[in-house]
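Have a look at the structure below before the remarks.
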Amino acid sequence: MDYGLTGDSSPLISIYRRIPDVAMPPGRGFSFRDLYSYLSSEPEYGVSKNVEDKTVKLEDDLLTDPHSFPPTEMLSSVQNPRILLLQCRRHHHRHRLPLPPKPYLQTTISSSLHTSPPPASQIGTLRKSLLSREKTAVELAETYLTRIRLTEPQLKSFLHLSDNVLRDAGEIDRKIERNEEVGPLAGVFVGVKDNICTADMPSTAGSRILEGYRPPFDATAVRKLRESGAIVVGKTNLDEFGMGSTTEGSAYQVTANPWDLSRVPGGSSGGSAAAVSARQCVVSLGSDTGGSVRQPASFCGVVGLKPTYGRVSRFGLVAYASSLDVIGCFGSSVADTGTLLYAISGHDKLDATSSKREVPNFASAFITQDFSESKPLKGLRVGVIRETIDSGVDPEVISSIHGAASHLEELGCIVTEVSLPSFSLGLPAYYILASSESSSNLSRYDGIRYGNQAVSDELASLYGDSRAQGFGSEVKMRILMGTYALSAGYYDAYYKRAQQVRTLVQKSFKAALDENDILISPAAPSVAYKIGEKKNDPLAMYAGDIMTVNVNLAGLPALVLPCGFVEGGSAGLPVGFQMIGAAFDEEKLLKVGHIFEQTLQGCSFVPPLVADGFAC
Amino acid sequence: MALTFFRGIQTRPIWLYPSAFVATKHVFYCTMKSTQTQTLEKQQPELKASANTQSKTLDNILTDYEAIIGLETHVQLSTQTKAFCSCPYNYGSQPNATVCPICMGLPGALPVLNSKVIEHAVRLGLALNCKLSYNSKFDRKQYFYPDLPKGYQISQFDIPIATGGYVDLDLPVEFGGGHRRFGITRVHMEEDAGKLLHTGNGSYSQVDLNRAGVPLLEIVSEPDMRTGIEAAEYAAEVQRLVRYLGVSNGNMQEGSLRCDVNVSVRPIGQLEFGTKERLSCFHNLDEENVEIKNLNSFSAVQRSIDFEISRQVLLHSQGHGDQIVQETRLWEEGAQKTVTMRKKEGLADYRYFPEPDLPEVVLTKEYVDDVRSSLPELPEMKRRRYEKMGLSMQDILFLANDMNVADFFDTTIAKCADVKLAANWIMGDIAAYMKNEKLSINEIKLTPQELGELIASIKSGTISGKIGKEILFELMAKGGTVKGMIKEKDLVQAIIEINPVPVRKEEIVDPLEIGKLVDKVIAENPKQLEQYRGGKTKLQGYFAGQVMKESKGKANPGLLNKILVEKLNGKS
C-alpha cells in the first residue's frame, strides 16, 4: 500500500542508529530550541507583585462592569442558592484574597437559555428501564445504533463499530428474563478509545502501522467493563498513539465537534468525547497523558475524569508515555463518569504500576438530595490556580471559571487564589518526558512481528521503510525529539532536567493541596477551535495543553465538567473547568462535581446535533 | 533479489486468544543480511595457536607484554517463569512455543517483575561479596534488532543491584597453582533476547522468541586477569557459584552461562592499554577494546584469549599496533582463531533511561538477612575447610568443584573420620565408575553413609580392601548396605571370631608371603585337610585362624581367605 510517504522515508529512520547527527527537519515551524527555551527560562517566582496589580484592576472591573450583578435569568430560578449569597459576597471578598467577583455564568447565549433539568445519570435511567422491563436492552441498543447511523457520517467519532452489539444486548435481555443477576453496567453502551486493546475488534491507536491489528487480549479496563455487563459499541478515533490535541492526527479520519461540525473535538480522545457528547454511547473510555481526556471533555461539553496514576490498570493501553498515561472516563453526568471509573478501577497483577489501594464505592457521592436548603459544600477549601487565569487564556474562558468559582462559593466553599510557581515549567518538561518515553515505547513497531511491514531486502531499510510509512508526521516528530533528549550528552540537559521539574511540580501541587481540598482551573485556554486552525502550528497546539499537563506530571486525579458557554457555532461552545484533587481522592472530586452539576442551572450540555434528545 | 517475507506464529493450545497473526510456521521471518558481516582480515599476520614455527620468537616477545583481561558473564536464571511474564522457559522447546503478549512485546502489554529474579540476584551478589543496592531500579537499553521484541532490553544501568565484590579461587596445580582474587565490578539483572536462526542460503532469518524475557544476571569483572587460564578459572568459579547457589544450571553448551571476554595488551611497565582505557562497566557506551564472543567452553575462553594475546602482541611488536581496533571478534572453534565480527563505528548510544513500567526495587535489611542465612557453604569456604583437613590441593579442587560431590564427601566423612581414604575412594573408583556409566554422584546407588560404613569396615579390618572394592562396585550398581553385603556373601565371619583385634600396623598383603604361610599351615595339619576335602568345608575357618596366628595377625584377611580356599581346594 502506498501512503505517499516513501520518498522521504529513509533519512528519517536513520536516526535510530546515529542520533546526534540528525537535526530537526526544516520547515516544521517548531524547533526543539523552542522547548528548550521554556526549560531554561527562570521560573517566575516573582508573581506576587503582578497579582496584586491584577487584583486592583479586577476590582476596578467590578465597579465598572455592567454585568457585575446577576443577570435577570438567574433571578428567575428561584431555587438557586446563589441568590441568597449575593448580598454577602462583597463582604467576603474584602476579607479574603480577592477573587474576581463575576457572579454570573456565561449563559448569555440565547439558545442555551432554555431551562433544563440537571443532567441525570443515564446509566441509572437505563438500568431502571431495563430492570423494570420497560425497555429491552435490544431496543435500547437499536436507539443508539440508529443515532450512530444518523450522526456518524458527520461526526466520524468511531474507527470501528462492533458487530456484536445486538447479540450482547440480547444476552442481557435473556438474563433479565430469567431473573438472573446482571452486572452494574448491564446494557450500558461504551465507546472505547482505539488505543485500548479489544480482542474482538481492531486496535490501531489511530496509526497506519497498526492498521488491521487485532490484539489477542482485552485490556484490563475493557475486561472489567465486559464483566460488569457493559456493551462495547466500538473503537473511537484519536490522534495517532494519543499524540495530539485535536484528533486531526488520526491516520484515518478527522472527527468533528458535535457542537460545531467545523471545529475540532479536542484530543487526543476526541472520538470518545464526541461520541458521548452526541449520545452515540452512554459513556466512553479515553486515555490521558497530558490532558487527552480533559481537554476534549471541555471542547465537547461532557464530563471527563482523569484518575490518579495507578488507579486504573494500564494493561492493554497502547503505551505513549508510560509514566504519565492513564485510562480516563467520559460521561454526560458526573454520576455516570464515576460509575464507569468504579467499574474499571483497582489493582491489576498485570500492571506493576497499578495501586493496591482500595477503591471506595463512589456511588455514595451521587445520592440525590435537595441542595437548595443548605450549603452542601460548606467549608470546602477551593483554590483557584492563579497562573491558569492569566494572560494567554481566552477572557471568556476566564469569565466562565470565575463563574464556576462563584457557584462553588455559593455552595459553601471557601474560594481563594493559589499560586503554583512551577506551573509554566510543566509544559516543556512534559513534552520532553512524554517524547522521550514515546521514542522508547514506539520502538516495538518495527514491522517484524505485527503491523504493516515494508518490503525490503535488508534489515535496516526494512525497519526504516516500515516505520517511515507507518507513522504520521506528529509521531515522527515526537520520536525524533525524544530520541534527541535521551541521547548521550543531552540526557542531563533535557530528560534529567525535566525530571527535576517534575519533582518541583509535584511539590508545589502537594503544598497547594495541603492548603486546599481541591484546586480549580480552566480545562483548556480556549474553547474548541476550527479544524485545521492549529494543524501547522504544533507549538500553538502544544501550548493548549498548559492547563492539563502539570496534573499528569504530578499523577493527580482531575475532573473536568462543563460550566458554561462562549459564543461560537450555532448554539455556543461549551467551556469546561477542571477540579484537581489529592492523589486517590477521586471520591471528593466526584462529590463536589456532582453537587456542582446538579445545582448549575440554565445550562444544557446537549449539542444541537442530537435532534432526538437523549431520552432513553 | 526477490525476497518473500512471511510472518506468523503457530496457534497453539497455550494461545487461547484469537490471534492477529496468520499461522504459517513456528517462526517469524525477516531478512538479516547486512548486520552480521564477517570480514576476513587480509593484512593481519596469520596466527595459529598451534603453529610452533613462530612460537619460539613469539614466546620471547610475549614476555615483554602484559595482557589485561576482563569478563562479562551472563547467567541465565533457572526460575520457573520468565523475568516479566508467566511463560516457562525450557531449553530446546519448539520455536515460539513459550511466548505470550508480554514477552512478544505486543502493544499494551506490560512487564511485571518475577520476585525470584531479585532473590537470585541477591544470592549471587552476596556470594560474590558485593555491596547490595537497597534501592535499585530497572532501565531500558534501546536498540533495534529482530530478536528484541520491544526495541529495548529491560536492564539495569546506573544503579545495579550489586557492586564492588570479588571472587577467590585456586588455580589448578597443573597450571602452576596459586590463590587468586579477582574483583567484581557489578552484577545486574536484565532480560534475555530471542534467538535468530539464519537459514542456509542467507536470504532470510527466522526469529524464535522462546528465550525473550528469560531472566539473566550479568556479572562484570574487574580487568584483573592476565592469562587465559586465569580467565577460564574465573569463569569456572562463577559456574560453580551459580550451581552451588541454585540460581542457574550454569550450562555453557545451552547458553545458560555465556562469557564475553575483553582483552588488550600493553608492554610491561606501561600503564596505558593497547586499546584505549576503560575495560568495562561504563555501559552507556560500548567498551573500548577487543571483545571476544562465541565462547562455548572454558577451554575456548582460555584458548581464544591466548590466541588474542599473541595476535595483539605480534601486531605491536611488528609496529602494527594501530591495527588493533575497537571491535568484536568471534572465536572460531574449528580454526582455533578469532576473526572480526563487527568493527565499532563510533559508539553505540543505548539511550538508557529509567523503565517507567516497573517500580523501584527496594530491598529491606530483613530480606537480605534472610537470603544471607539461606546461603549454602560456598566453594571457597569448602576449599579452605578441606585445606585445613589436610587434603592436597588436587583433592580439594576435585571435591569442591561439584557441590553434590562435596556433599557426598562431607556425609561420608561424617561416618568415618578418614578424610584421605574417603577422598581417594571418591576420586578413584567412584569417579571412574561415574564417568564410565555417565552418571552423576546423585544417580549412583551407593549412598555416602554406606561408603563411610565401607571405609570404616576396611579400617577396622572387618573386610579387606580388596573385598571392599568388590562390595563398592556392587553397591554403586545395585545399592544395598555394606553389612547386608558382608552377611550375604559370608565373607569374613571366621576372622571376626578368631581375630577380634582390629588394629594392625604392617598388614601382609603380598600373596606370595601369605601363600607360604598357608602352605605351612596345610602341611602341618594333614588330618584336617583330609576332613576338609572330605566335605567338612567349615574347617576353612580353622585353617584361616591358624594362618592368621602364624602371621601374628598381620595377614590381609581378604587375601588370606582367597588363597586359602584355592589351596584347600587343591588348585596350584
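From the backbone N, Cα and C atoms, a Cβ is placed for every residue, glycine too.
Per TrEMBL, the features are as follows:
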type: DOMAIN; residues: A:139-590; note: domain 'Amidase'
type: ACT_SITE; residues: A:Lys193; note: active site, charge relay system
type: ACT_SITE; residues: A:Ser268; note: active site, charge relay system
type: ACT_SITE; residues: A:Ser292; note: active site, acyl-ester intermediate
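Sequence-distant contacts of A:Lys193 (active site, charge relay system), defined as residues of its own chain at least six apart whose C-beta falls under 8 angstroms from its C-beta, comprise A:Lys235, A:Thr236, A:Leu238, A:Ser269, A:Gly271, A:Ser272, A:Ser284, A:Leu285, A:Gly286, A:Ser287.
A:Ser292 (active site, acyl-ester intermediate) counts 37 other C-beta atoms within 10 Å of its own C-beta, drawing on all protein chains shown.
Neighbour density for A:Ser268 (active site, charge relay system): within 10 A of its CB lie 35 other CB atoms from the protein chains shown. Distance from the CA of A:Ser268 (active site, charge relay system) to the CA of A:Ser292 (active site, acyl-ester intermediate) is 5 Å.
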